[in-house]
Amino acid sequence: MAAFKLDFLPEMMVDHCSLNSSPVSKKMNGTLDHPDQPDLDAIKMFVGQVPRTWSEKDLRELFEQYGAVYEINVLRDRSQNPPQSKGCCFVTFYTRKAALEAQNALHNMKVLPGMHHPIQMKPADSEKNNAVEDRKLFIGMISKKCTENDIRVMFSSFGQIEECRILWGPDGLSRGCALVTFTTRAMAQTAIKAMHQAQTMEGCSSPMVVKFADTQKDKEQKRMAQQLQQQMQQISAASVWGNLAGLNTLGPQYLALYLQLLQQTASSGNLNTLSSLHPMGGLNAMQLQNLAALAAAASAAQNTPSGTNALTTSSSPLSVLTSSGSSPSSSSSNSVNPIASLGALQTLAGATAGLNVGSLAGMAALNGGLGSSGLSNGTGSTMEALTQAYSGIQQYAAAALPTLYNQNLLTQQSIGAAGSQKEGPEGANLFIYHLPQEFGDQDLLQMFMPFGNVVSAKVFIDKQTNLSKCFGFVSYDNPVSAQAAIQSMNGFQIGMKRLKVQLKRSKNDSKPY
C-alpha cells in the first residue's frame with residue numbers, strides 16, 4: 001500500500017506541474033483565463049466617457065468584473081508629447097456574453113470618477129457588419145411538431161448556428177415558425193438560397209419561408225402602417241372617402257404619423273409598406289414637405305383655442321369642401337372643423353397634380369373667419385404658426401388648385417375677376433412682383449383665391465412685346481384676406497424667384513407701389 005502511494009504521488013505532482021505550465025493562466029480574481037484567441041463570435045466594443053488619466057490597467061480592472069478581457073486599446077492623441085488619452089478606448093472580451101453583460105451594466109448606467117456623463121459602450125464600427133440582425137433568419141411554415149433540435153439539424157449544414165428558437169403562442173403550442181441565428185451573414189444567405197420554399201412540411205398549406213428576420217425598424221414601420229390602415233378603415237366606413245365631412249376624426253397626431261411613415265419609407269425605399277394604403281397612392285417624396293406643413297398647421301390650429309373659434313366660423317371657399325353640393329352662398333352658414341379641413345386637403349392630395357397650392361388652401365379656413373378683432377385678440381398667433389408651417393414649401397403647381405374647389409365657384413370668380421382691374425376697399429389691394437413669365441391672369445387668380453374672395457386679378461403685359469412684365473395686382477373684398485395673402489405668399493418661392501407681395505399704395509401716393 002505504501003509503495004503504491006509512493007509511486008502515485010510523483011505522478012500527481014507531474015500532472016499538477018503540467019497544469020500550471022499550460023497556456024491557461026489564472027486571472028487576478030481567481031477564474032481561469034482563455035487561451036490565445038477570443039471566441040469566434042466575440043465583439044470588439046467602443047467605450048467612451050472614460051477619464052483621460054486612466055491607463056489600460058485601470059480599464060482592465062473595470063472590465064474584468066464582467067469577464068476575461070483579451071485586449072484593451074486606449075485611443076491617444078499622437079500630436080501631443082507624450083501622447084494623451086482621448087477619453088475613449090476599444091475593449092475585446094474573450095466571449096460575446098461577457099461583452100454584452102458589460103454593455104448592459106455600464107452603457108448609460110455608470111459614471112466614472114471625474115466624468116459628467118455615463119459610460120458609452122457599443123460595438124465598434126467594424127462589428128456592425130456582423131450585427132445579429134444581419135445574421136438572424138425567420139423560418140416560417142414549419143411543422144408544429146418540429147422541435148428546436150429538428151430545426152438545428154435541418155440548418156446545421158449551412159454553418160455554425162449561434163441560436164435556434166421556436167416561437168410559441170400564449171397557449172403553449174408552436175406557432176409554426178422559428179428564429180435561427182448563424183455566426184456569419186454569408187451562412188444565413190446560403191441557407192436562404194437553399195431552403196426558401198424548398199419543401200412543404202407536414203400540416204403546412206404552403207412551402208417553407210426562409211428570410212432575414214425583421215429588424216426593429218421594420219417592426220416599427222409595420223406597426224405604424226397597421227395603425228394608419230385602422231384609421232383609414234374607420235374613416236372609410238363613415239364616408240367611403242367621398243364625404244369630406246367624415247374626416248372630422250383626423251387629428252394632427254394622424255397627420256404626423258402619416259408624415260413619419262412616408263419619410264421613413266421614402267428614405268428606405270421600401271414602398272411595399274404602403275401597398276395596402278390605397279388613399280396614399282398619389283403622394284410622392286416631393287410632397288412630404290407639404291404634408292409636414294399640414295401636420296404643423298393642424299397642431300397649431302388645435303392648440304390655439306382662439307384660432308379654433310375663428311376657424312369654425314369660416315366663410316372661405318374651403319367650406320365648400322366640407323359641405324358637398326352646397327352653394328357658395330350657403331357655405332357661410334356651415335361650421336368647418338379645422339382638423340377636418342386640413343384632413344380634407346391631405347385626402348385630396350392624391351387627386352391633385354401637386355400638393356403645394358392645395359396645402360395653402362388650408363389657410364383659407366382660418367382667413368375667412370378672422371376679423372379685425374380676431375387679429376388683435378390673439379388669433380394672429382395661429383396665423384403666424386400656419387405661416388411658418390408653410391414657409392418651407394419650395395415648389396408650386398398652379399394646376400393643382402382647380403381640383404380642390406367647386407368648379408362652379410371657380411368659374412364664377414374667373415368670369416368676374418381674371419383680367420379685370422376692379423379695386424377693393426382700402427387695404428384690400430395687393431401688388432405682386434417676381435411672377436413667372438408664363439403666368440397669366442387666370443394663374444394669378446388661382447394662386448390667391450385660397451385667401452378670400454378675389455374681385456380682380458391682373459397681370460401686366462408689355463404692349464410692344466406682348467410678354468408679361470412679371471408683376472400684377474390682386475384685389476380682395478376685405479383687408480383681412482389681403483393681409484392673410486401677404487403673410488402667406490410674400491417670399492413664396494416659385495422656380496428660382498420669390499414672390500414679393502405687398503399692399504398697393506393709395507392713389508394719393510406718387511407711386512402705386
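Using the three backbone atoms N, Cα and C, a Cβ is placed for every residue, glycine included.
What Swiss-Prot records for this protein:
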DOMAIN    43-126  domain 'RRM 1'
DOMAIN    135-215  domain 'RRM 2'
CROSSLNK  Lys136  SUMO2 cross-link
MOD_RES   Ser206  phosphoserine
REGION    304-336  region 'Disordered'
COMPBIAS  311-336  compositional bias 'Low complexity'
MOD_RES   Ser329  phosphoserine
DOMAIN    428-506  domain 'RRM 3'
For the residue listed as 'SUMO2 cross-link': DSSP state (helix, strand, coil): strand
Residue counts (helix, strand, coil, in that order) that DSSP gives for the domain 'RRM 3' (428-506): 22 helix, 30 strand, 27 coil
Residue pair Lys136 (SUMO2 cross-link), Ser206 (phosphoserine) - Cα distance, angstrom, rounded: 22
CB within-chain contacts under 8 A for Ser206 (phosphoserine), separation at least 6: Met141, Thr200
Summary of DSSP states over the domain 'RRM 1' (43-126), given as helix, strand and coil counts: 21 helix, 28 strand, 35 coil
Ser206 (phosphoserine): secondary structure state under DSSP, collapsed to three categories: coil
